[in-house]
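Annotation source TrEMBL lists compositional bias 'Polar residues' at 340-356. Summarising the annotation, TrEMBL assigns domain 'tRNA(Ile)-lysidine/2-thiocytidine synthase N-terminal' to 65-249. As annotated by TrEMBL, domain 'Cytoplasmic tRNA 2-thiolation protein 1 C-terminal' applies to 292-322. Residues or ranges marked as region 'Disordered' by TrEMBL: 322-356.
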Amino acid sequence: MEAGEAKSKKAGGSRLCCICNQRRPVLKRPKTLQQICRECFYEVFEEEIHQVIVGNRLFKSGERVAIGASGGKDSTVLAYVLSELNRRHNYGLDLFLLSIDEGITGYRDDSLETVKRNEVQYGLPLQIVSYKDLYGWTMDEIVKMIGLKNNCTFCGVFRRQALDRGAALLKVDKLVTGHNADDIAETVLLNILRGDIARLSRCTSITTGEDGPIPRCKPFKYTYEKEIVMYAYFKKLDYFSTECIYSPNAYRGFAREFIKDLERLRPRAILDIIKSGEDFRIATTTKMPEQGTCERCGYISSQKWCKACVLLEGLNRGLPKMGIGRPRGSGNDQKDTKARSTAKSIESKQCGSLEF
């Protein structure tokens, strides 16, 4: 009888949370494969992020910090968790939401409504900066001109600069983004495939741009995307889940699929790739781009003019392929030659309406 009871307890114990050993588990952590209950998941998820923040000294008391908010799961969870940790551990931060309106009908207009609700839910001031105001173009207009092939190049370049300009408007000390472990692992692979040594050397840094106007931090550097999704689901957070309508064929998507396949075979593959990126050492003889400023708009650039200025000039002159790769084929040789020669006159026009 006693042996039967012990066997029954053992069987029951195997179905309890491996941390508290009191409640039934509701999920298996992708990172550790631990079966844990909802309450313990909240605790370890938040504590891991807190340790990343403290261990890397991401913030100082009294700093103004902008959270890059798109309305998606990553930025929504980041805003919620950072607000909670700021109160719980007395970081002493002034937090703001910063959103970029790329001008994508049926996507960004809907996600911005989510961000506006988050503004009320979390009590954080919201600043919205639009491509139209900054550059005179929306992504809908850009795609109409250039098509779907290279539109992500425009959006990525413009968005990065728009975030910095928005942060400058808010007069913040730091900008935090919701880039998670999956994102960083994908970036490591992409930079290897592209042979981009300069970006590979800094893409795993938890803080970048320290020599620029506004440093950027990634508190989710070691946080798996799956756990962010589960946290948002269990907490019933209000977020927008639709993918961008212009990005189904983006090059990053191939790296993402490869990462997911690796994760299925080895859950720690994501962290292993990040660690590999951290361990890369560039030979001292390698010539790296020198950091400077764009002669037109004053933004950080290793060239005479920043990428945003080159792309914008192409759009304004009806030469949208200016600054995108190398020309191929003979059908558009004359137009491509004109685009290259036109780049020399870029300094004659201002880029955007906001100054640093």
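Don't overthink the numbers, they just go from 1 along the chain as shown.
Even glycines carry a Cβ here, placed using N, Cα and C.
Since the structure is predicted, the reported quantities are computational estimates derived from the model, not experimental observations.
Residue counts of the domain 'Cytoplasmic tRNA 2-thiolation protein 1 C-terminal' (292-322) by helix, strand and coil are 10 helix, 4 strand, 17 coil (DSSP-based). Averaged across the domain 'Cytoplasmic tRNA 2-thiolation protein 1 C-terminal' (292-322), pLDDT for the predicted model comes to 86.
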